[in-house]
């Protein structure tokens, strides 16, 4: 909320960034076997509050100290006796800050979950052993004092690659164009996705435990399956743009509680290495089997898709 001050406009917020917290839940089954569950979260908090005197009168009496925010993360994590998702924890923190402090009217809580995965030893899931995976689970909750909620989940670093069933033809050609057209190329990308849920209040979110963890895994599966197509035949990609749209549409078609989705999909190039020459003979037959993987420069493709009835 902007404030006018002597002909100036002030917009302010303050918070605590990169609060790292690990939480382990330990449970026992009827046979006495103990199983551990682990999350590692990187929490970022921003508070919008009525603390104008701290800016204009050197009066900090309405300031929630950022060190207090950090400590609150640890206390609230400790109080969560049952395993919960990053989305639920973000909402829990947002509710706390907007209800506990009268001057705070909106809390924005962003969480990035590190991808620790349970390991298997000799085909058996280990009770307390974990390894680090690849893509990260993200969540953001914007909680207002009235209970109004904007909830977003996402994926960072979902690396996907297929060695065929991709091409790029019919694009603009001018004096700067050197890229040849092709119906046969590798397609690689690292997907960053974020999707907005249609739940518009804290009270409307599903009560099912770990609902958002399940939804995250389901969305990730739909994105990958749409990218690759059937196991035997695959699916042809006419461009990264076309594949991105099909992936976004598949998510909205499958999950009615998701109102919009944004995808960023860089085109990470694998460039064929041309080994043909008059001296290498047989090697020239395998020109399309050896590639130069490149991280940069890469194509940058980004788009969002939403329902017509979305409140965004």
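Every residue gets a Cβ built from N, Cα and C, even glycine.
What TrEMBL says about this protein:
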type	residues	note
ACT_SITE	16	active site, charge relay system
ACT_SITE	66	active site, charge relay system
BINDING	66, 67, 168, 185, 240, 241, 267	5-hydroxyisourate binding site
BINDING	66, 267	O2 binding site
BINDING	66, 67, 168, 185, 240, 241, 267	urate binding site
ACT_SITE	269	active site, charge relay system
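Overlay of TrEMBL feature records on the structure.
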residue: 16; record: active site, charge relay system; Cβ contacts under 8 Å, 6 or more apart: 43, 44, 45, 66, 67, 69, 70, 73
residue: 168; record: 5-hydroxyisourate binding site; Cβ contacts under 8 Å, 6 or more apart: 179, 181, 182, 185, 238, 239
residue: 240; record: 5-hydroxyisourate binding site; Cβ contacts under 8 Å, 6 or more apart: 187, 189, 265, 267, 299, 301
residue: 241; record: 5-hydroxyisourate binding site; Cβ contacts under 8 Å, 6 or more apart: 301, 303
residue: 269; record: active site, charge relay system; Cβ contacts under 8 Å, 6 or more apart: 188, 293, 294, 298, 299
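The recorded positions under consideration are 66, 267. Their Cβ neighbour counts within 10 Å are lowest for 66.
Residues 66, 67, 168, 185, 240, 241, 267 are the ones the record ties to urate, and the longest Cα gap between any two of them is 52 Å. The sparsest Cβ neighbourhood within 10 Å, among the listed binding-site residues (67, 185), is found at 67.
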